[in-house]
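Colleague: Structure below; questions to follow.
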Amino acid sequence: MATSANLDIGAQLIVEECPSSYISGMPDIKLEHQLDPNPDEGAAQGVAMGMKFILPNRFDMNVCSRFVKSLNEEDSKNIQDQVNSDLEVASVLFKAECNIHTSPSPGIQVRHVYTPSTTKHFSPIKQSTTLTNKHRGNEVSTTPLLANSLSAHQLAAQGEMLYLATRIEQENVINHTDEEGFTPLMWAAAHGQIAVVEFLLQNGADPQLLGKGRESALSLACSKGYTDIVKMLLDCGVDVNEYDWNGGTPLLYAVHGNHVKCVKMLLENGADPTIETDSGYNSMDLAVALGYRGVQQAIESHLLKLLQNIRE
């Protein structure tokens, strides 16, 4: 099983433990020094295109390479199962649990650890007990008393439109961020609340805002395959190649989640399939390594169209 000590992949994101998930013009990255860093989220701002930072605790993409090379070996089945398990635990999308103390590179800001759940669907966003119960089906109904005690972010995640609208009108918290820099829009996008996302966008929510780890509403939606939300965000003109703290782009997250429709939509809207991780792997490499034939075919088809357009 892969450990957090060899986490080395250029894409990671996203959503199930809720907040308390590129570039065509890469913005400046500020690297903050910390005197007493904790062995947390595994590292700082990701990179894209020509710029590279050495980030500790990142998933080694050689695992993907080993997976591909093993397909023709006699014991490929056992190796494939092991590597699939490695990819699930130390995946592109999720900040892995880290129990090993490392020495971060100078200038790299280290954040606290997000502990993954025992399922394959977990994320860096911490969920409250209320949200956890909702997903487990333990919550029968939401009483006015309970709804009034929830934050705007939790209301957005649960789809409590009426209470959320009232809260925003009274307190003007439509772009308010929690301790991780997540906005109500990001919470709604992460939980597939289509109506809430539409409501927030229509009432002034900023889809361009990023979390402390550069997480975006688009990446959060792509990681779960919420195509309707992805389309709404793309229609707002968000950066389709935005990268997060781990170098992950919306396309890489959609590829990792095997969300073919999202992959096609992103490619049609200018997502760059050639953006590579620090280890030199792009979205096609990841699709092949994970055995996602549908995603692979979607990328191949897009690249062929690009080549045909160039020839014409």
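Just so it is clear, glycine is given a Cβ too, placed from its N, Cα and C backbone atoms.
What Swiss-Prot shows for this protein is this:
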REPEAT    147-179  repeat 'ANK 1'
REPEAT    180-212  repeat 'ANK 2'
REPEAT    213-245  repeat 'ANK 3'
REPEAT    246-278  repeat 'ANK 4'
REPEAT    279-312  repeat 'ANK 5'
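For each feature listed, report its degree of burial, its nearest neighbours and the pertinent distances within the displayed model.
Modeller: For the repeat 'ANK 1' (147-179), DSSP puts the residue distribution at 21 helix, 0 strand, 12 coil.
Over the repeat 'ANK 2' (180-212), the average per-residue pLDDT in this prediction is 95.
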Colleague: Looking only at the repeat 'ANK 3' (213-245), what are its DSSP counts of helix, strand and coil residues?
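Modeller: For that range the per-state counts are 17 helix, 1 strand, 15 coil.
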Colleague: Counting each residue once, how many in the repeat 'ANK 5' (279-312) are helix, strand and coil under DSSP?
Modeller: 27 helix, 0 strand, 7 coil
